[in-house]
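Heads up: the structure comes next, in structure tokens.
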Amino acid sequence: MSVNNKQWYGLPLNLIWGYVAIAVFMTGDGFELAFLSHYIKALGFTPAQASFAFTLYGLAAALSAWVSGVVAEIITPRKAMLIGFVLWCVFHVLFLVFGLGRANYALILLFYGIRGLAYPLFLYSFIVAIIHNVRSDSSSSALGWFWAVYSVGIGVFGSYIPSFTIPHIGEMGTLWLALLFCATGGIIALVSMRHTETPRHMQNLTTREKFAELGRAATLLYTNRSILFSSIVRIINTLSLFGFAVIMPMMFVDELGFTTSEWLQVWAAFFFTTIFSNVFWGIVAEKMGWMKVIRWFGCIGMALSSLAFYYLPQHFGHNFAMALVPAIALGIFVAAFVPMAAVFPALEPNHKGAAISVYNLSAGLSNFLAPAIAVVLLPYFSTIGVVIAYTALYILAFFLCPLIRVEQPGFTSDQHAKPFTANAAES
């Protein structure tokens, strides 16, 4: 199949409405991210119980993310996104009505957990569409744009809009508003991706062959050592993103005296920064090398900015301007991991869907492990214990990066690759 050559600063123009759909859908999905843990606590539950709800959600998201790449190849990205879209809307309504509406912790866990299966199917299936419709040597910048629109949705609009709606319609009203955004994003995706192509050989596999391909999403972790190390680095990548969304509202609002709206604006500043840094690092990595950017700017940058996100607010107290400094730093350096999405399929060019599934599983496990670490450490070591744990893991990722041996299409690196031919780049 042919791939797209028309781009605008690395943005594939044939998929532009798919990018818009991701931004709109993730806006709705992101409404809850920075205030739901605090709201569950306000219903009468403990911080550990609030964190556990996010942990269960993250586990469901990890399982869904694991299968999404292969499922998208087998049934097409559009159909996989449809399943995720419908699942999200149905269980969001059940979560609001019977879970939060009745302050029933068991139903909160049940419906919120099941809803966790939805967004990875919608979000990560689009990565499959990108990989198969963009030239290999342009995939890093195209994926940089993917994470940029993700940040626009889940972080910027997903944080700023609630900061204005909560004072007027409250948390529950804001969560109902999220349904409108997700429905709109889902419809845009279904309409705009009617003619998006993916290789058809996967769709013609027998049932047994389909399950075998699905199983490869797990077996790659021990048949390809570079995939295993890449998976660990990808898990570590977004620990602070998902973890700070759970623990920092309690520190900023309950301890330092920030209002919920102020905290949401600090968190939105982090995501706003990633709009530009995702695109920036995606382009830079194609010139400098994927693994150099990930190691030196991603791992080291996140270790330092994670510490700053705790210590600067603790030192300056209720100071909105100073709280923005580590938020912006975090936004700059978390995006330096963007090339990881290109690394996985490059490591397994003949099984790109399975490789993307491992990438997605790793992203989902990050969503699961970040609050899980908080659940374990918060009762004993407070917020600082969680922050130090995240920092130590970023340092671990720094030492794992040299063990990942990837050939970057169109790029010559003494450390990691020999030159790729044009045919090899498209294999």
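Placed from the backbone N, Cα and C atoms, the Cβ positions cover glycine too.
The feature topological domain 'Cytoplasmic' is assigned by Swiss-Prot to 1-7 (among others).
Annotation comment: Swiss-Prot describes 8-28 (among others) as transmembrane segment.
Sequence-distant neighbours of the topological domain 'Extracellular' (29-51) (same chain, 6+ residues past either end, Cβ-Cβ under 8 Å): 88, 100, 103, 105, 108, 119, 153-155, 157-159, 161-162, 166, 171, 174-175, 177-178, 181-182, 245-247, 249-250, 253-254, 260, 263-264, 267, 371, 374-375, 378-379. The topological domain 'Extracellular' annotation in Swiss-Prot covers 29-51 (among others).
Marked as transmembrane segment by Swiss-Prot: 52-72 (among others). Listed by sequence, the residues of this chain that lie at least six past the ends of the transmembrane segment (52-72) yet keep a Cβ under 8 A from its Cβ atoms are 36-37, 40, 80-81, 84, 108-109, 112-121, 124-125, 127-129, 198, 210, 213-214, 216-218, 242, 246, 353-361, 363-372, 375.
Per Swiss-Prot, the feature topological domain 'Cytoplasmic' maps to 73-79 (among others). Per-residue pLDDT, averaged along the topological domain 'Cytoplasmic' (73-79), amounts to 88 for this model.
The transmembrane segment annotation in Swiss-Prot covers 80-100 (among others).
Marked as topological domain 'Extracellular' by Swiss-Prot on the basis of sequence analysis: 101-107 (among others).
Look at Swiss-Prot and you will find 108-128 (among others) tagged as transmembrane segment, backed by sequence analysis. Non-local neighbours of the transmembrane segment (108-128) in the same chain are 18, 21-22, 25-26, 29, 40, 52-53, 56-61, 63-65, 68-69, 71-73, 77, 80-81, 83-85, 87-88, 91-92, 94-95, 98-100, 143, 146, 150, 186, 189, 198, 341, 352-353, 356, 359-360, 363-364; each lies 6+ residues outside the stretch with a CB under 8 Å from one of its CB atoms.
Per Swiss-Prot, topological domain 'Cytoplasmic' is recorded for 129-141 (among others), and the stated evidence type is sequence analysis. Helix, strand and coil content of the topological domain 'Cytoplasmic' (129-141), in residues and according to DSSP, is 11 helix, 1 strand, 1 coil.
The transmembrane segment annotation in Swiss-Prot covers 142-162 (among others).
According to Swiss-Prot, the topological domain 'Extracellular' annotation covers 163-171 (among others), on the basis of sequence analysis. Remote same-chain residues near the topological domain 'Extracellular' (163-171) are listed as 35-36, 39, 177, 260-262, 264-265, 268 (criterion: CB distance under 8 Å, separation of at least six residues from the stretch ends).
For the transmembrane segment (172-192), same-chain residues at least 6 beyond its ends with a Cβ under 8 Å from one of its own Cβ atoms are 17-18, 20-29, 31-32, 78, 81-82, 85-86, 88-89, 92-93, 96, 100-101, 122, 126, 153, 161-162, 165-166. Per Swiss-Prot, transmembrane segment is recorded for 172-192 (among others), and the stated evidence type is sequence analysis.
Swiss-Prot lists 193-238 (among others) with the feature topological domain 'Cytoplasmic'.
Long-range neighbours of the transmembrane segment (239-259) within the same chain, counting only residues 6 or more positions beyond its ends whose Cβ lies under 8 Å from a Cβ of the stretch, are 33-35, 37-38, 41, 47, 50-51, 54, 58, 266-267, 302, 305-306, 309-310, 313-314, 317-318, 320, 323, 330, 334, 366-367, 369-371, 373-374, 378, 383, 386, 390, 393-394. Taken from Swiss-Prot, the feature transmembrane segment covers 239-259 (among others), and the record attributes it to sequence analysis.
The topological domain 'Extracellular' annotation in Swiss-Prot covers 260-263 (among others). Here the topological domain 'Extracellular' (260-263) has Cβ contacts under 8 Å with residues 34-35, 38, 163-164, 166-167, 248-249, 252-253, 320 of the same chain, all six or more residues outside its ends.
Within the same chain, residues 9-10, 33-35, 140-148, 150-152, 154-156, 158-160, 162-163, 166, 245, 248, 252, 258, 293, 297, 320, 323-324, 327-328, 330-336, 338-339 sit at least 6 positions outside the transmembrane segment (264-284) and bring their C-beta atoms closer than 8 Å to a C-beta of that stretch. Feature annotation from Swiss-Prot assigns transmembrane segment to 264-284 (among others).
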Go ahead and report the DSSP secondary structure tallies for the topological domain 'Cytoplasmic' (73-79): helix first, then strand, then coil.
6 helix, 0 strand, 1 coil
Any chance you could find the range in 80-100, 142-162, 296-316 with the most Cβ pairs under 8 Å to the transmembrane segment (8-28)?
142-162
